[in-house]
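As C-alpha cells, the structure follows; a few thoughts come after it.
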Amino acid sequence: MASANTRRVGDGAGGAFQPYLDSLRQELQQRDPTLLSVAVALLAVLLTLVFWKFIWSRKSSQRAVLFVGLCDSGKTLLFVRLLTGQYRDTQTSITDSSAIYKVNNNRGNSLTLIDLPGHESLRFQLLDRFKSSARAVVFVVDSAAFQREVKDVAEFLYQVLIDSMALKNSPSLLIACNKQDIAMAKSAKLIQQQLEKELNTLRVTRSAAPSTLDSSSTAPAQLGKKGKEFEFSQLPLKVEFLECSAKGGRGDTGSADIQDLEKWLAKIA
C-alpha cells in the first residue's frame, strides 16, 4: 500500500513538471547522453530527500509525553522531579502543566512533558486534546493504594489503551508504578497481573454493552485476542512497566528513585 501511494504522489508531481522535464531531457540528449543519466540520478536523490524530510517532520512533531493517572498517584511530583530534581509539595491540579525536558542521552534531544489532571471530570477531556501530539503516555499508578483502586485504575487505563490504539501513530505506553518507597507498595509484576485480570473483565463487559451506550463504540471492540485471556503482549502498541518513587526512600529531603524512568524517556526521545 505504501509503495502504491508513493507512486501516485510521484506520478502527480511528475505530471505537473512533465513539459519541463521533456524539454530538459531533449536538450541533454542533444548535448551529451551521459548528462541525462547524471541529471536523472540527481533528481531521484533530491526527491528521496524531500520525501524523508516530510516523514521525519511528522515524527518530530510528536514530542509530547503525557503524564496521566488517578488523583494522588504522584504524577505531578514525578513531573517536577524530572524537570528540577527537587522535591516540592503538590496539590490536586485542575489544569494541565507543560515544560520542556532535556533528555540525558548525549544527543541534545528534548521532549515536552505534559501533566494532565487526574480528576474524573477533566481527565478524558484533556486527554482528547493532547493525544494526537503524544509520542508517549506515562500512566502513573499509586503502588501503595493499588489494591483498593485497582478497578478505577483499570477503567481509566482501558480508555487510554482504546484511544491509543485508535491513533494512526500509536504512542509508547509506560505504566509507572510509583510510591515504591512505601512498605505496602505492590510490585510492578503484581500490578501488571492484576491489571490484566481487570482489563479482561472490562473488555467482556464493554463488548457486551449496546453500541448506543458505549462511549468507545468507534474504537476497537475489545482489547487483545478474542477467545484468550487478556495480556498486554497481545496489544499492537508496546506497553512497559517499571517501578519508581518520586518522593524517595528518605522522605522529603531524599533523592527520588526515577533513574529507570529517565532511561525510558531517553530511549523514546
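Positions of Cβ are set from backbone N, Cα and C atoms, glycine also.
Noted in Swiss-Prot for the protein shown:
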TRANSMEM  35-55  transmembrane segment
BINDING   69-77, 90-93, G118, 178-181, A246  GTP binding site
MOD_RES   S110  phosphoserine
MOD_RES   T212  phosphothreonine
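When the alpha carbons of D72 (GTP binding site) and the residue listed as 'phosphoserine' are compared, the span between them is 27 angstrom. Under 8 Å, Cβ to Cβ, and six or more positions away along its own chain, K179 (GTP binding site) finds G74, D142, S143, A144, A145, A185, S245, A246, K247.
In sequence order, T76, L77, V80 are the residues of the chain that are 6 or more apart from T90 (GTP binding site) and have a CB within less than 8 Å of its CB. A simple Cβ count within 10 Å picks out one of the recorded positions S93, S110 as the most packed, and that one is S93. The 10 Å shell around the Cβ of G69 (GTP binding site) contains 27 further Cβ atoms across the protein chains shown. Note: the Cα of K75 (GTP binding site) and the Cα of the residue listed as 'phosphoserine' are spaced 19 Å from each other. Between the alpha carbons (Cα) of S93 (GTP binding site) and S110 (phosphoserine) lies a span of roughly 24 Å.
DSSP gives K75 (GTP binding site) a helix state. The distance from the Cα of S110 (phosphoserine) to the Cα of G69 (GTP binding site) comes to 23 Å.
Neighbour count (other Cβ atoms within 10 Å of the Cβ, all protein chains): 15 for D72 (GTP binding site). Counted within 10 Å of its Cβ, the other Cβ atoms near A246 (GTP binding site) come to 26, all protein chains included.
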